[in-house]
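This report concerns only the one structure given below.
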Amino acid sequence: MTPTLKQLFEKHNVKGLSNNSKTIKANDAFFAIKNGNDFIADALEKGAALVITDDKKNTTNKVIFVEDIKETLHEAIELFYPKKPKTMIAVTGTNGKSSVVSYIAQIYSLIGQKAASIGTIGVEVFGIDNFNESIGGLTTTDYLSFRKIAHKLAKNGIDYLAFEASSHGLDQQRLGDLKVNVACFTSFSQDHLDYHHTKENYLLAKLKLFTDHLAKDGIAILNSDIEEIKFIKDYLDKHKIKYLCVGANGNCKITKTNSSLKGQNINFIFDNKNYDFDTPIIGSFQASNLLIAGPSVYYTSFDFSKVINALTKVKAVKGRMERVNRTNIFIDYAHTPDALEKALTELKNIKAKGGKLSIIFGCGGNRDTTKRKLMGKIAASIADNVIVTDDNPRHEDPKAIRQEIISGIVTTNYIEIADRKEAIKYGINNLKKDDILLIAGKGHENYQIIGDEKIRFDDAEVASMSFLATAGIQ
């Protein structure tokens, strides 16, 4: 009789699971998925108790063949990491995912719940001290890694989890068969066409969140200002998915925002009632992010007045319109045409009369090349001064990337400075009273990728040091 997976694991004294030979621990079962078969010997050498493969050539007494390795992995995950927070909210969108998942977790915490968020900026935990967990460089990590973190969070008493669901992750089924209580769509614009090839493919990948992962009694929360909102609503109607729209044309209708360098006041109508609240978070585009986060929590059975009160206390996310040393220098992750346009437009609208708006940015290498020229055009059309520099060039020629950006600039209000640190110094040294400087593209990142090398680099840190040096404080 063929042993069950549980019996097999007991026989080989398996203590954990891994699908990465680099991080495998002694007595793990190693799942050789795709090119993982090339690392079976490495996994065994590092102490793997057992290897699961779908390649018959490699079988031994410790290397077991299965027909469907992904299904077997999911079965194994339920054996080893069965726990997860009781309420989960997933957020997709071109821009705004990191902000919304953090806002959701913060709201839960502010109303007395233990909550966490997972995404681009890592794992944020509220209500538990000394929780230490990191994720790799993916917005949506693989299913095994996700379930390990979710299991650990649940074991530590976390009841509420908000996480980012990227188009790559959804397309590659990194969420497995996971079901969520609420699914949010923050925004949609050009990005990742190097992977999806067309905007239609990109949109359909994101919509998998709602058809594949939203629980039957769950709700979708959509940004009504998405250009493709009619298509999205028709798609959800076709699949009988309940949804709420947030925005200027939504069921949760944003009627007015008053913004300044100190924050904003947001007015909206929800359930036929008028509300308003103040927030220190800068950016009128963040109004929709905050009001996607608020109802997300409300629809998991919390009083709306408590949610509104919490919204006034929510803090900005690192690298998202982050203000440096209370100056007029801002760090933002804007790395798409739409995000760049929104960030620049917002800062232009709130800058003092007579002040100039400058931007420092570049574009990542080995990523969507079609957006570079457009981003150059957008930057030059809104900002008074543009400084084109390097982002994460990776394996591309940095100068060629800069030239693609510059090809979209039809004015003469730009300068090219390859070294990002020097570009930031230059931008800060040339700031005058009432001027605003936006350093865009990398946001929270504390590294720069050049070739295969990851070099320590933090925009906010460099900007802070440059400002203090310019002010004569250092």
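These residue numbers are counts, starting from 1, taken along the chain as shown.
Using the three backbone atoms N, Cα and C, a Cβ is placed for every residue, glycine included.
Secondary structure from DSSP puts Gly96 (ATP binding site) in coil. Taking the Cβ of Gly96 (ATP binding site) as centre and 10 Å as the limit, one finds 26 other Cβ atoms among all the protein chains shown. Under the heading ATP binding site, Swiss-Prot lists Gly93, Thr94, Asn95, Gly96, Lys97, Ser98, Ser99, citing sequence analysis as support.
Residues or ranges marked as N6-carboxylysine by Swiss-Prot on the basis of sequence analysis: Lys206. The local packing around Lys206 (N6-carboxylysine), expressed as other Cβ atoms within 10 Å of its Cβ over all shown chains, amounts to 20.
Under the DSSP three-state reduction, Gly441 (meso-2,6-diaminopimelate binding site) is assigned to coil, being neither helix nor strand. Per Swiss-Prot, the feature meso-2,6-diaminopimelate binding site maps to Arg367, Asp391, Asn392, Pro393, Arg394, Gly441, Glu445.
What Swiss-Prot records for 391-394 is motif 'Meso-diaminopimelate recognition motif'. Long-range contacts of the motif 'Meso-diaminopimelate recognition motif' (391-394) within its own chain (CB-CB distance under 8 A, at least 6 residues past either end) are made by residues 335, 361-367, 401, 420, 441-442, 445, 448-451.
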Where Asn392 (meso-2,6-diaminopimelate binding site) sits in the secondary structure, as DSSP reduces it to three classes: coil
Per-region confidence, the motif 'Meso-diaminopimelate recognition motif' (391-394) (mean pLDDT, whole number): 97
Among Arg367, Asp391, Asn392, Pro393, Arg394, Gly441, Glu445, the record's meso-2,6-diaminopimelate binders - longest CA distance, Å: 17
Arg367, Asp391, Asn392, Pro393, Arg394, Gly441, Glu445 excluded, remaining Cβ within 8 Å of their centroid (meso-2,6-diaminopimelate): His335, Gly362, Cys363, Gly364, Gly365, Asp390, Lys442, Gln448, Ile449
Other residues, Cβ within 8 Å of Gly93, Thr94, Asn95, Gly96, Lys97, Ser98, Ser99 Cβ centroid (ATP site): Val91, Val100, Glu164, Thr186, Ser187, Asn289
Rounded distance in angstrom between the Cα atoms of Ser98 (ATP binding site) and Glu445 (meso-2,6-diaminopimelate binding site): 13
Cα-nearest neighbour of Lys97 (ATP binding site) within the listed recorded positions, Lys206, Asn392, Gly441: Lys206
Cα-nearest neighbour of Lys206 (N6-carboxylysine) within the listed binding-site residues, Thr94, Gly96, Asn392, Glu445: Thr94
